Amino acid sequence: MFPYFIMLIFCGIPLFFMELSFGQFASQGCLGVWRISPMFKGVGYGMMVVSTYIGIYYNVVICIAFYYFFSSMTHVLPWAYCNNPWNTHDCAGVLDASNLTNGSRPAALPSNLSHLLNHSLQRTSPSEEYWRLYVLKLSDDIGNFGEVRLPLLGCLGVSWLVVFLCLIRGVKSSGKVVYFTATFPYVVLTILFVRGVTLEGAFDGIMYYLTPQWDKILEAKVWGDAASQIFYSLGCAWGGLITMASYNKFHNNCYRDSVIISITNCATSVYAGFVIFSILGFMANHLGVDVSRVADHGPGLAFVAYPEALTLLPISPLWSLLFFFMLILLGLGTQFCLLETLVTAIVDEVGNEWILQKKTYVTLGVAVAGFLLGIPLTSQASIGCC
């Protein structure tokens, strides 16, 4: 976390303040703000490109969260056991009655000794197989698109529809929704945190999370990852900060806002880490392995490792519903900003009276375009290959 805090102080907060200042002073989006110096307008177009790419990708992540949310509406989570048609012979769930550890990963104890001797002892969790073989049905080659996963396509449509409806009146409507999408996740995080720290092994997970690995402090990749996380979590250089600040009052204290928001964002990320690793510590304790062996990163953490850990809790569908509902709300809050960035940039660039009156149609057009461009990411060569 040390590189993360350093990048926050020297990169995150200064850039955050600069972009808020630009947007608030000019009252324009990421394109219109560069009228002060037209030669830098390409920076605005670059921000639009970044927001477009992230918006397309991010809504696919939200759609998968929707899929898991709907799949959690059952008395037994579908990724809890290995008795499903999509499971392979290597599948071994954490809920199995007997497990063994081969020094790297635990594997289910086969009933047949000869099968044990020929078994690779490479455990594949039911949550991983559910993710790769059922939800995504990943192809072996990213060049082989295969078929579009219709359930994911439907969830993608739901995701874009929700985003459009919340932005149908611009920041007037989204501002009211954000009160809920920005605050309720803290309620869910607190519920999950209280549940997590009361579990056996939670302390080990938290200590793994807090223990710095000083031997990696000189690795360039660590600092690059920290900078990337700061840019990603604060939204710097996306154009969204400029766009949102353009709706501020001219004399609003944007310096105060930039410091408070940046620190709050950082504190929330740290708090979420306690929630995640307390559950992962419990899972590691249950399996009898080190926390490092159950910890994952990227989509694998949200859709494989953590869902698998939730299966160990009593009333696991309830905890799963809360977790994925929280992910949906967090994702939608970001998506509102990304879509509004593109819409505001287009409206500011055209600038005539007609488009100002028809801003809802611009929002609809951008949402439809985002949905169509996201369809390839619901294929078998999808987000899981990234």
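Each residue, glycine too, has its Cβ placed from N, Cα and C.
Per TrEMBL, the features are:
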BINDING   S233, N265, L330  Na(+) binding site
DISULFID  C82-C91  disulfide bond
TRANSMEM  6-26  transmembrane segment
TRANSMEM  47-70  transmembrane segment
TRANSMEM  150-171  transmembrane segment
TRANSMEM  183-210  transmembrane segment
TRANSMEM  230-247  transmembrane segment
TRANSMEM  259-284  transmembrane segment
TRANSMEM  318-339  transmembrane segment
TRANSMEM  360-378  transmembrane segment
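Taking the features listed in TrEMBL, we show where each one sits on the structure.
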{"residue": "C82", "record": "disulfide bond", "DSSP (3 states)": "coil"}
{"residue": "C91", "record": "disulfide bond", "DSSP (3 states)": "strand"}
{"residue": "S233", "record": "Na(+) binding site", "DSSP (3 states)": "helix"}
{"residue": "N265", "record": "Na(+) binding site", "DSSP (3 states)": "helix"}
{"residue": "L330", "record": "Na(+) binding site", "DSSP (3 states)": "helix"}
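Long-range Cβ contacts of the transmembrane segment (259-284) within its own chain (Cβ-Cβ under 8 Å, at least 6 residues beyond either end) map to 1, 4-5, 8, 12-13, 16-17, 94, 186, 189, 192-193, 196-197, 199-206, 208-209, 229, 233-234, 290-291, 293-295, 301, 305-306, 308-310, 312. Excluding S233, N265, L330, which define the Na(+) site, the same chain contributes L234, T268, S269, T334 within 8 Å (Cβ to the Cβ centroid), listed in sequence order. Beyond its flanks by at least six residues, the transmembrane segment (318-339) meets 51, 54-55, 58-59, 61-62, 65-66, 68-69, 72-73, 77, 159, 162-164, 166-167, 174, 177-178, 180-182, 184-185, 188-189, 191-192, 195, 235, 238, 240, 243-244, 302, 306-307, 310, 363, 366-367, 370 of its own chain at Cβ-Cβ distances under 8 Å. Distance between Cα atoms for L330 (Na(+) binding site) and C82 (disulfide bond): 31 Å, as a whole number.
Contact check: the transmembrane segment (150-171) against the transmembrane segment (360-378) gives at least three Cβ pairs closer than 8 Å, residues 6 or more apart, which meets the contact criterion.
Stretch with the largest number of CB pairs closer than 8 A to the transmembrane segment (230-247), among 6-26, 47-70, 183-210: 6-26. Same-chain residues at least 6 positions away in sequence with a Cβ under 8 Å from that of S233 (Na(+) binding site) are, in sequence order, N265, C266, S269.
For the transmembrane segment (360-378), the most Cβ-contacting stretch among 6-26, 47-70, 183-210 is 47-70 (pairs under 8 Å). Packing against the transmembrane segment (183-210) from elsewhere in the chain are residues 1, 268, 271-286, 291-292, 295, 313, 319, 322-323, 325-326, 329-330: each is 6 or more residues past its ends and has a CB under 8 Å from a CB in it. Over all protein chains present, the Cβ of L330 (Na(+) binding site) has 20 other Cβ atoms lying within 10 Å.
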